[in-house]
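*Asks:* Swiss-Prot lists these features:
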| type | residues | note |
| --- | --- | --- |
| ACT_SITE | Glu200 | active site, proton donor |
| BINDING | His12, His14, His197, Asp278 | Zn(2+) binding site |
| BINDING | His14, Asp16, Gly170, Asp279 | substrate binding site |
| SITE | His221 | site 'Important for catalytic activity' |
Amino acid sequence: MIDTSIPLVDLHRHLDGNVRVNTIWELGHQHGIALPADSLETLAPFVQIQGKETSLVAFLKKLDWMVGVLADLDAVKRVAYENVADAALSGLDYAELRFSPYYMAMNHKLPIEGVVEAVVDGVKAGLKDYNVKINLIGILSRSFGQAACTQELEGLLAHKQHLVAMDLAGDEMGFPGELFNDHFKRVRDADLAITAHAGEAAGSQSMWQAIQELGATRIGHGVNAIHDPKLMEYLAKHRIGIESCPTSNLHTSTVASYAEHPFRTFMDAGVLINLNTDDPGVSAIDINHEYRIAKAELKLTDAELAQVQRNGVEMAFLSDSDRKALYAAKV
């Protein structure tokens, strides 16, 4: 099902959405943070999706517990390190870990730039111990408004040499992309690539805006593109990558069922699309799960899954030489 001759990548993976249950438990007790359960076993349902529960509100509450225990910068560094370990242990050859330093900092009033430094340090430490290639993507969390995103941008740009791209995430309906055009001009001026969560809660116009005004060359989720034939044609022609996360889309009620997921529609239209985990800690999945779902529920053939793997390598924010090195390591 997964072709071992092709690099396995995960490009849409939130570092702050992948905190281990035992880490939440340990950090909560270490810092005297009240947790919603009195044992490690009973904590899991509060921080991970159980069964077929599908609600955006419930999903976000679980996500909040993951950042709620980041009481100091050592905790941030630990979580970053464990993200590298988890990526390697799931069999990934390459992952792009994205994170929102404002969101990670807000509960315990940590310095935003300090959070960025701690993430970088944790990833560096992880790379010494695990054989996986990692790049970082900074997130501007639109839900907190323009001023907060400016603070976030400043903290991220102070360490731009450790980033490959910037992302816009959060409340797509309440905070449309045009509010952040100036922010992303600065991102482009810093020579960073751009991806954006768009077409998830809002319609195709949100995707057009992200591409034409923010400068996005990849789109996170993008499920609503299928209602706009001109956009689908544009995506295919210009090789705009769709970072698809089927299980997450089900868990957040972005789609009602796997049967209604538009992954197949994108593939049939010739759109560049790959498989990703989104918030693997909340969804309690790994990349292997997404490939199993793609075969069993989305009805992709092994040949199509191999193409999805190749798409991921093409979409990655990598130099041509790094891309070739990923393939060379599989020989």
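Glycine is no exception: its Cβ is also placed from the backbone N, Cα and C atoms.
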*Asks:* Given that the record lists His14, Asp16, Gly170, Asp279 as binding substrate, what is the largest C-alpha to C-alpha distance among them, in Å?
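*Replies:* Spelled out: the longest distance between any two Cα atoms in His14, Asp16, Gly170, Asp279 is 13 Å.
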*Asks:* If I take the alpha carbons of His221 (site 'Important for catalytic activity') and His197 (Zn(2+) binding site), what is the distance between them in whole Å?
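*Replies:* Distance between the two Cα atoms comes out at 6 Å.
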*Asks:* Could you tell me which of these recorded positions, Asp16, Glu200, Asp278, Asp279, has the fewest other Cβ atoms within 10 Å of its Cβ?
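*Replies:* Result for the recorded positions Asp16, Glu200, Asp278, Asp279: minimum number of other Cβ atoms within 10 Å at Glu200.
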*Asks:* Starting from the substrate site formed by His14, Asp16, Gly170, Asp279, give every other residue of that chain whose CB sits within 8 Å of the mean position of their CB atoms, in sequence order.
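*Replies:* These residues sit around the substrate site: Leu15, Gly17, Leu63, Arg98, Phe99, Ser100, Tyr103, Ile139, Ala169, Asp278.
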*Asks:* Look up Asp16 (substrate binding site) in the DSSP assignment and reduce it to helix, strand or coil.
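*Replies:* Helix, per DSSP.
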*Asks:* Show me the subset of His12, His14, His197, Asp278 whose Cα is within 10 Å of Gly170 (substrate binding site); these are the binding-site residues I mean.
*Replies:* His197
*Asks:* Mind giving me a neighbour count for His197 (Zn(2+) binding site)? Other Cβ atoms within 10 Å of its Cβ, every protein chain shown.
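*Replies:* Neighbour count, Cβ to Cβ under the 10 Å cut-off: 27.
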*Asks:* Can you check which residues sit near His12 (Zn(2+) binding site), meaning Cβ under 8 Å from its Cβ, same chain, 6 or more apart in sequence, and list them in order?
*Replies:* Glu96, Arg98, Thr195, Gly220, Glu243, Ser244, Cys245, Asn276, Thr277, Asp278
*Asks:* Are there any residues at least 6 positions away along the chain from His14 (Zn(2+) binding site) with a Cβ closer than 8 Å to its Cβ? List them or say none.
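*Replies:* When sequence neighbours closer than 6 are ignored, His14 (Zn(2+) binding site) has Leu97, Arg98, Phe99, Ile139, Asp278, Asp279 within Cβ distance under 8 Å.
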*Asks:* So which other residues, same chain and not among His12, His14, His197, Asp278, have a Cβ within 8 Å of the centroid of the Cβ atoms at the Zn(2+) site?
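*Replies:* Other same-chain residues near the Zn(2+) site: Arg13, Gly17, Arg98, Asp167, Ala169, Gly220, His221, Glu243, Cys245, Ser248, Asn276, Asp279.
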*Asks:* At the level of the C-alpha atoms, what whole-angstrom distance separates His197 (Zn(2+) binding site) and Asp16 (substrate binding site)?
*Replies:* 16
